[in-house]
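Asks: Summarising the annotation, Swiss-Prot assigns compositional bias 'Basic residues' to 110-123. The 3-methylthioaspartic acid annotation in Swiss-Prot covers Asp89. Residues or ranges marked as region 'Disordered' in Swiss-Prot: 104-123.
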Amino acid sequence: MPTVNQLIRKPRKPLVKRNKVPAMQACPQKRGVCTRVYTTTPKKPNSALRKVARVRLTNQFEVTSYIPGEGHNLQEHSVVLIRGGRVKDLPGVRYHIIRGVLDTQGVKDRRQRRSKYGAKRPK
């Protein structure tokens, strides 16, 4: 623990809060255009082919965002809406694409947690 004199000489530095989603610029969602749609593999204990898209946002940021749910209709030049939220086992993926909005279709035959995947209520 520092002495009073040490604190006078060199005061305590306030902690800097890092922004986890800088490309959003304090917006809840942002629109963008897919520049590349591809699959990638997760970090060590997990194994899969995760679907991700490189998205060029309206504020000229280029980000990698995750495509949730089973199956998707995205391709290059698809217009998508993204939200913040990282994918723990994909390094560098800090955003999610919102399903059922703009060019992204909702997940087909989804019965539970439908609102998260843009699926309509089944008849």
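A Cβ is built for glycine as well, from the same backbone N, Cα and C atoms used for every other residue.
Are these features on the surface or tucked inside, and what are their neighbours?
Replies: Less than 8 angstroms from the CB of Asp89 (3-methylthioaspartic acid) sit Pro42, Lys43, Asn46, Arg50, each of them six or more residues away in the same chain.
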Asks: Need the DSSP three-state call for Asp89 (3-methylthioaspartic acid) to compare against my parser.
Replies: coil
